[in-house]
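Presented below is the structure to which this report refers.
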Amino acid sequence: MAETSFDVIVVGSGPGGYVAAIRAAQLGLKVAVVEREHLGGICLNWGCIPTKALLRSAEVYHLMHRAKDFGLSVDKAGYDLDAVVQRSRGVAKQLSGGVAHLLKKNKVTVVMGEGSIPAKGKVAVKTDKGSETLTAKNIILATGARARTLPGLEADGDLVWTYKHALQPPRMPKKLLVIGSGAIGIEFASFFNTLGADTTVVEVMDRVLPIEDAEISAFAKKQFEKQGMKIREKSTVTKLDRGKGKVTAHIEKGGKTETEEFDTVISAVGIVGNVEGLGLDELGVKVDRTHVVTDEYCRTGVDGLYAIGDIAGAPWLAHKASHEGVMVAELIAGQHAHPVKPESIAGCTYCNPQVASVGYTEAKAKDLGYDVKVGKFPFIGNGKAIALGEPEGMIKTVFDAKTGELLGAHMVGAEVTELIQGYVVGRQLETTEEDLMATVFPHPTLSEMMHESVLDAYGRAIHF
Ligand SMILES: Cc1cc2nc3c(=O)[nH]c(=O)nc-3n(C[C@H](O)[C@H](O)[C@H](O)COP(=O)(O)OP(=O)(O)OC[C@H]3O[C@@H](n4cnc5c(N)ncnc54)[C@H](O)[C@@H]3O)c2cc1C
């Protein structure tokens with residue numbers, strides 16, 4: 001008979017769940033993962049990875065149009081949307097298979113089915129063949145999240161899409177409306193706009209990418225507009241009238257409503273946690289709107305029950321989920337666990353130009369009462385950026401004027417999603433401006449701008 005008793009059962013195999021399972025197994029615990037759909041969760045199958053594969057195709061296509069700038073020629077740049085999507089699905093499949101391999105290698109039992117918690121220490125799993133009950137002293141909920149829907153703006157997969165539809169689009173949109181300019185909305189807007197869709201983004205807040213530093217948002221907006229995107233800020237889509245092959249969107253701004261026709265709408269208005277059907281009420285687990293309430297160690301208040309990743313609230317990022325997974329596994333194994341510091345988690349958006357940040361924005365630091373020193377450095381002052389043909393962008397750093405602590409770093413431009421980790425390490429090591437200024441950055445690299453931005457905060461920038 002198959003094993004039913006474990007040290008740890010993880011419900012959900014996204015970057016929170018599978019990483020928690022592997023770390024727990026590494027620490028000698030007997031582990032099972034319950035997954036109802038695909039190993040790897042949203043991240044590998046419908047989120048981080050397949051979007052980046054699509055965006056890479058868009059980036060190459062964009063560069064094909066710029067071939068002449070590099071002394072090259074392309075007869076006729078073109079694309080096959082099906083092939084672009086197939087590549088993205090292939091990448092997702094490859095990585096999901098990789099997770100299966102890693103779980104097997106670490107001797108983690110995988111049970112495919114829908115899990116719920118009928119009582120403390122028990123997981124009931126509905127499988128294809130019926131149902132079974134597994135037991136464990138420790139259960140980790142890692143069931144993730146799904147697209148939020150607003151009344152009247154519900155996706156139908158034809159005219160109105162969620163991210164899942166947009167990842168395998170039934171057609172190339174001609175006139176596209178994207179509702180919401182957070183990371184998911186802007187990445188899809190960037191992808192379809194680059195491939196030639198006439199793209200409008202509607203954002204309810206006063207700027208695109210509203211959680212980013214205001215200067216970075218403004219810089220990114222200018223670049224999006226240069227690429228032909230239309231950005232409507234402080235605006236709300238109040239209604240969608242669906243007709244044959246077209247949608248009339250009612251867009252409200254400052255009390256006035258205008259209508260505009262589109263052939264496709266992508267709704268990217270946030271996510272909601274997968275809290276339903278798990279038996280949380282009966283267990284007495286606190287849920288705030290659609291997220292499980294936990295302490296900094298991801299404990300739910302019910303003995304032996306933890307919640308990690310998207311189901312446990314913001315920031316809704318894969319690396320936050322994975323870090324929480326490792327922390328909880330180590331906590332269960334009796335090791336010293338390091339809680340996540342939300343202000344040290346970088347956020348990256350892979351639009352064109354890319355955007356990346358960590359820590360406090362300038363405005364937030366000031367709101368918190370810090371006296372700040374701010375440094376800025378433009379891509380145009382960097383040799384590598386010019387050699388790459390990517391002179392548009394900037395790096396901004398925010399320091400505590402009193403202590404020299406790096407409070408935040410904000411970037412827009414080519415490859416900044418790869419650069420940001422330098423500042424993340426700096427923050428983790430509680431670095432100050434002195435250490436950063438004394439660090440030797442290799443030449444020629446984009447990373448030299450990270451140095452220059454720090455130097456600029458103290459009036460010492462060399463190349464600008
Ligand atoms: C389009 C898009 C792009 C994104 N891009 C990025 C990015 O570039 N970088 C980044 O950091 N984040 C990105 N994210 C967010 C990222 O995908 C999530 O933060 C991450 O997947 C959360 O991981 P998780 O383990 O908490 O949950 P998930 O990845 O959502 O995994 C949860 C798993 O639990 C399973 N499950 C749910 N309920 C049950 C149940 N009852 N029983 C069994 N299994 C269950 C689900 O099937 C799923 O496989 C993106 C998200 C989207 C939608």
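Glycine too: its Cβ is placed from the backbone N, Cα and C atoms.
Look at TrEMBL and you will find 6-325 tagged as domain 'FAD/NAD(P)-binding'. For Cys43-Cys48, the entry in TrEMBL reads disulfide bond. Annotation source TrEMBL lists FAD binding site at Lys52, Gly115, Asp310. Annotation comment: TrEMBL describes Gly180, Ser181, Gly182, Ala183, Ile184, Gly185, Ile186, Glu187, Glu203, Gly270 as NAD(+) binding site. The domain 'Pyridine nucleotide-disulphide oxidoreductase dimerisation' annotation in TrEMBL covers 345-453. For His443, the entry in TrEMBL reads active site, proton acceptor.
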Those recorded positions in Cys48, Gly180, Gly182, Glu203 whose CB falls under 6 A of ligand 1, listed in sequence order: Cys48
FAD binding residues Lys52, Gly115, Asp310: largest Cα-Cα distance, in Å and rounded to whole number: 30
Which recorded positions sit within 10 Å of Cys48 (disulfide bond) - Cα, from Gly182, Glu203, His443: none
Maximal Cα-Cα distance (Å) across residues annotated as binding NAD(+), namely Gly180, Ser181, Gly182, Ala183, Ile184, Gly185, Ile186, Glu187, Glu203, Gly270: 14
Among Lys52, His443 [recorded positions], residue with fewest other Cβ within 10 Å: His443
Lys52 (FAD binding site) versus recorded positions Gly180, Gly182, Ile184, Glu203, His443 - nearest by Cα: Ile184
Nonlocal residues around Gly182 (NAD(+) binding site), in sequence order (Cβ under 8 Å, 6 or more apart): Leu209, Pro210, Ile211, Ala268, Gly270
From recorded positions Cys43, Gly115, Asp310, His443, the one whose Cα lies nearest Ile184 (NAD(+) binding site): Cys43
Cβ neighbour count (within 10 Å, all chains shown) around Asp310 (FAD binding site): 32
Three-state secondary structure, which DSSP defines for Ile184 (NAD(+) binding site): helix
Between Gly180 (NAD(+) binding site) and Asp310 (FAD binding site), the C-alpha gap once rounded to whole angstrom: 19
Rounded inter-Cα distance in Å - Asp310 (FAD binding site), Ile186 (NAD(+) binding site): 20
Taken over the domain 'Pyridine nucleotide-disulphide oxidoreductase dimerisation' (345-453), the model's mean pLDDT: 97
Top Cα neighbour of Gly115 (FAD binding site) in the set of recorded positions Cys43, Ile186, Glu203, His443: Cys43
